[in-house]
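Trainee: The feature transmembrane segment is assigned by TrEMBL to 101-118, 124-142, 186-203, 238-269, 289-307, 364-383, 426-446, 458-480.
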Amino acid sequence: ACGMLYAVYLSTYHDRKFWFSTRQELEREITFQGGSGVYYYYYKRLIAAPSFERGFYELVVDNRTVSGQTINAVERLSLYPELITSFIYRVTGSQDFVEPIYFYIGAVLGLQAVYVTALFVCSWVMSGTWVAGMLAVAWYVINRADTTKVDHAIPLRDNWALPYFSWQVTALTGFLRNKIGSSTEMFCYLTMSATTFTFLLVWEHSHYVLFIQGFCLFLLDSFDLVPPRKMADIHKVYLSSLFLAYMFQFQNTALLSSPLLSLLIGSVLASENCFQLGVGPLVARVMKLFLHFYLVFTSGITYSYLVKVSHMGAGHLDFILKFLEVKFGLNTTTDFVPNFLLCQESFQTPGQDLFLRLTQASVLPFYFLVLAVCLLSALQAIYRRLSGQPLCKTYSLENGGIGEKPEVVYHVFHTMLFGGLALMKYLWTPYVCMFTAFGVCSPDLWMTVFKWLKLKSIHPVVLSLILSTAVPTIICFSLWREFSPRVLAELSELQEFYDGDTVELMSWIKSQAPVAAVFAGSPQLLGAVKLCSGSAVTSLPLYSDINLLKRTEDTYQVYAMRSAEDIYKLLTAQKTNYVIIEESICSELTINKGCRIKDLLDISNGHIVYDKGEIYSFSKYGRFCHEIKMNYSPYTNYFTRVFWNRSYHVYKVNSVISFQY
């Protein structure tokens, strides 16, 4: 019920925000922001193909998207969601009663219902009460701006993949529990297998997320908190899913060199050498633990290095290492691509405004409370294991040791690693909501606190049961009173979203530009150009492909201090016919100057001058995007303006240079 209500809420909000049902097709497609429209373009292309087989072949051998290149779009852009959705649309005969765009949006919003359902179930399984699920969903919806990107960029891979990951985490949570029947354990195992494979299939970054998860499980295994049989089963899930994803993604070498596979190989080698805690004094056990860590990481890193060098080349490995060094503050670089990636929202450390919003929704204070209790209890359990003491196999409420539950320890590691590594907030925030809801609704957590306090005046079991009901009830009531009017107001208010300049640009391209024309511009804009016109482009909004990122850097030089001749050579090398200059990038004024495109280009091109602590840009050439608007030689020799409005200037790249003075 919560999942379906959330899907209906999202659908209504989306229609109110973009006036979606009253827009023409072109205006609807422009609402796919952030470059995400390129994914919907391929869905449209599959629907328009004479047959599904023909459409699939055209995507595998695609020479109509990136100029001068034939790419496997299914592999390069992880287009299995579009393949499956278009196939279902065809075989169900949905074209007779629903438009393709509504079917596509409905599929994504339906997955968001699956997402919140999984969070509900996970919190319920851990706490033992459905109230925790209600609270988790309430916090998720209230903090929607920090939990999902579905509001503004529906086709993004995150929105397709993260619902499967949420169910994978839920199944893993159930699988790790000590009190679980054989049939339930098998159900969790099969669910975990299916969702892990699907998650790997639909998102190119999924194996990095699963690596963090695998590392959490590696810690549980190292501290002997999970039975070896269950860890062996989880390793089978990872390995089989990686193998199947590798085959379905046309032998994707990124999966062969993934850190997840490296960790699995190291763990298997370590288990073969039997570095278990065993028996002996505390010092000996700690030494065995360090040897275990050393063997796992040295063997994993060695394997990863060999695969990257043999399959991807040293250049790819150097780029990854340089990016990681800059990301974690170990080094600095003037290269455009690493700095450009670090300026993307996905790679930036969340600001204070995120924590302020979470605090206002009351989730962050309770999160720190729950995390502190669970972490201290988990450390106690780990110390007992290192000291040779067995953990309680038959857990009861009177024991008051919530940290002895392997599923709780896993989620402690999960939320700490995802938060500490400053990864995407959309990966961390939903599980903060779920984990916090579990904690405040769990009698075990309150019992653990009372056991530490040695409470005697009131029976601790009775008090923990009372608080695990009263505290979430008070929280739910306060959230309902404060945020319910705000959430309902979002549905009643008609918002105005109309990008007239972009509509005008796309209309001109469709009506005036040749069908075979190649366009250059920012990746986000090129995604919309590809969707609305079908024209070939010089690059795509895909930040996991180094070759496309290099092409993006060359295209972005129109915002640098370069000569007209230099820009002309770069654009003609990519077979560009038209270049689109965006006023928002050329005249960008932001507080964070270090992440402006023109600043990144000036740093990369060596056009930065430091004077008395101030940074200035200097070159013998003016900034190209400003100078070309002056309409004088030598710019008019190479380029001819063919369209302009307040936001965009389109220039034709002259095939024959005309020297005018």
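Cβ from N, Cα, C; glycine included.
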Trainee: How about long-range neighbours of the transmembrane segment (289-307): same chain, 6 or more residues beyond its ends, C-beta under 8 Å?
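Mentor: Residues 218, 222-223, 253, 256-257, 259, 261-263, 265-267, 269-270, 273, 275, 277, 317, 386 contact the transmembrane segment (289-307) from elsewhere in the chain.
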Trainee: So are the transmembrane segment (426-446) and the transmembrane segment (238-269) touching or not, going by 3+ C-beta pairs under 8 A with a sequence gap of 6 or more?
Mentor: no
Trainee: Hey, which of 124-142, 186-203, 364-383, 458-480 has the most Cβ-Cβ pairs under 8 Å against the transmembrane segment (101-118)?
Mentor: 124-142
Trainee: For the transmembrane segment (124-142) and the transmembrane segment (364-383), check the count of CB pairs under 8 Å (sequence separation 6 or more) and say whether it reaches 3 or more.
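Mentor: In this chain the transmembrane segment (124-142) does not contact the transmembrane segment (364-383) - fewer than 3 Cβ pairs sit under 8 Å.
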